[in-house]
Amino acid sequence: MKAIIVLLMVVTSNADRICTGITSSNSPHVVKTATQGEVNVTGVIPLTTTPTKSHFANLKGTKTRGKLCPKCLNCTDLDVALGRPKCMGTIPSAKASILHEVKPVTSGCFPIMHDRTKIRQLPNLLRGYEHIRLSTHNVINAETAPGGPYKVGTSGSCPNVTNGNGFFATMAWAVPKNDNNKTATNPLTVEVPYICTEGEDQITVWGFHSDNEAQMVKLYGDSKPQKFTSSANGVTTHYVSQIGGFPNQAEDGGLPQSGRIVVDYMVQKSGKTGTITYQRGILLPQKVWCASGRSKVIKGSLPLIGERDCLHEKYGGLNKSKPYYTGEHAKAIGNCPIWVKTPLKLANGTKYRPPAKLLKERGFFGAIAGFLEGGWEGMIAGWHGYTSHGAHGVAVAADLKSTQEAINKITKNLNSLSELEVKNLQRLSGAMDELHNEILELDEKVDDLRADTISSQIELAVLLSNEGIINSEDEHLLALERKLKKMLGPSAVDIGNGCFETKHKCNQTCLDRIAAGTFNAGEFSLPTFDSLNITAASLNDDGLDNHTILLYYSTAASSLAVTLMIAIFIVYMVSRDNVSCSICL
């Protein structure tokens, strides 16, 4: 008879593990967020730069005005604005102008009292217009003005092109023509008509002359202080002349003068008439400036060398490389970065994670259980992706679609910040346009406060953008997990935390196909589990029946068991000194 001995052999298979993950980096950067404070990320986009000082330049794509009249040699801008005889020329059109004469300058003609009027602003006012031209004819007939007849006074200090006596083209020095009208007079009024083309601003220059008592009597027949008033567009200005007390002064090599002139201007809007009320010594308006358009004005220096994106009062000409800058805040024109108080960086990657580690612990029958933490090294083609662990080692593959979605979100945030930049620039530009007539009197504290407010708005926008970029990682990983689960199907078991245990091997090729979305579980063979192997052992039949065989086996086994028990008992008793054993030969 044959006896059957059953031998069991089970073949097991080590499954691979696939997980979704995020790239790691060996050089983390730090960005600021709204609620998480400083966060380490794998990459950043610097949004700020700190400029260095450079020379001033022309603005790219824009006509930039340095001197009002570049062809008027040896002339200050004030000479040009007043119409000094040897400083008559064309002022080129420009959308940007450099205020290069910071300190009040002399006229280079007759001594002017700068401290009593805003005359030093006249060149700056003209710079604020894109198009400027001097009228071809006079706005008033000075000889027949009220209080006349007058003769137009000239001075050897104001030589004309033939080196004869002259005077400013914008004003007529109204001196009584004969002794009969060299007398004191009550205030007289003259209307100043609008003679420019419709839509242009008319800048009308006027003034008055005063001297010591002797000269006042000689010229005007009255040594008392004279009263003057101008009015245009609801703005009225009053003056009372000063008699005497002036030292002799020569301008630009001219003759010494004991008298002074006070010069002012008024801006007449399209179609509006102005008025001037005066007594003796009036400088009546003659040629007027007709101006239109806006030219942005900034303090700077000449010459203008080359071209730049931006002109900055502190740094000169700049090329814009970043949307914002840190350093000294000052006015700037052109395509300029916006000033912010601190450096800003936009997250351009994922939240930093150290390289992933596989933490292992022993389970039943030595089975290895593990879980992953950190980010994956080697994910060079993207930020999000997959990793597998198994006999092949570690394989990593990036998911390009998920990474592109993350990049698109960052680009959207960057564009939003750019839109915020444009809005703030428009706001600043509007404020500057409203105040361009008073550019030298702008309150720096107000300007700094406005800059601080805008800086805070921008910083908050960057913090919120970084917050959104970092928080969106969970969305991308969840989407990857759903995508992975769908592709693996029944060939894997979801073990949580974005990981799946597969019923097949998944090497680099397998993982690359998962990342590319072309994975097919059927292409990777499932491991086979061998069924129970049963081997039958045949025993020779020597005439012994089964009962006899079993009797022999049981007797031998029982005898062996009893013998072992006795031997163990004797050894135990000897060790306890309860039994002694003597051996004699």
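Note: Cβ is positioned from N, Cα and C throughout, glycine not excepted.
From a predicted model like this one, the values you see are computed outputs, not experimental measurements.
According to Swiss-Prot, the topological domain 'Extracellular' annotation covers 16-553. Per Swiss-Prot, N-linked glycosylation site is recorded for Asn40, Asn74, Asn160, Asn181, Asn319, Asn348, Asn507, Asn533, Asn546, and the stated evidence type is sequence analysis. The disulfide bond annotation in Swiss-Prot covers Cys75-Cys87, Cys109-Cys158, Cys506-Cys510 and rests on sequence analysis. Summarising the annotation, Swiss-Prot assigns transmembrane segment to 554-574. The S-palmitoyl cysteine annotation in Swiss-Prot covers Cys581, Cys584 and rests on sequence analysis.
Structure with Swiss-Prot features highlighted.
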residue: Asn40; record: N-linked glycosylation site; DSSP class: strand
residue: Asn74; record: N-linked glycosylation site; DSSP class: coil
residue: Cys87; record: disulfide bond; DSSP class: helix
residue: Cys109; record: disulfide bond; DSSP class: coil
residue: Cys158; record: disulfide bond; DSSP class: coil
residue: Asn181; record: N-linked glycosylation site; DSSP class: helix
residue: Asn348; record: N-linked glycosylation site; DSSP class: coil
residue: Cys506; record: disulfide bond; DSSP class: coil
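In the structure shown, across all protein chains, Asn181 is the one of the glycosylation sites Asn74, Asn181 with the greatest number of other Cβ atoms within 10 Å. Listed in sequence order, the recorded positions from Asn181, Cys506, Asn507, Cys510 having a Cα within 10 Å of the Cα of Cys87 (disulfide bond) amount to none.
For Cys506 (disulfide bond), the nearest of the recorded positions Asn40, Cys75, Cys109, Cys158, Asn160 in terms of C-alpha separation is Asn40.
Summarising model confidence by region, the topological domain 'Extracellular' (16-553) averages a pLDDT of 77. Here the C-alpha separation of Cys510 (disulfide bond) and Asn348 (N-linked glycosylation site) works out to 29 Å.
Candidate glycosylation sites: Asn40, Asn160, Asn319, Asn507. Nearest to Asn74 (N-linked glycosylation site) by Cα distance: Asn160. Between the candidate disulfide-bonded residues, Cys75, Cys87, Cys158, Cys506, Cys510, the densest Cβ environment within 10 Å is the one around Cys506.
Note: the Cα of Asn319 (N-linked glycosylation site) and the Cα of Asn160 (N-linked glycosylation site) are spaced 44 Å from each other.
Cys109 (disulfide bond) counts 26 other C-beta atoms within 10 Å of its own C-beta, drawing on all protein chains shown.
The Cα atom of Asn40 (N-linked glycosylation site) lies nearest to that of Cys75, taking the recorded positions Cys75, Asn160, Asn181 as the candidates. When the alpha carbons of Asn507 (N-linked glycosylation site) and Asn160 (N-linked glycosylation site) are compared, the span between them is 94 angstrom. The highest number of surrounding Cβ atoms within 10 Å, among the glycosylation sites Asn40, Asn160, Asn319, Asn348, Asn507, is found at Asn348.
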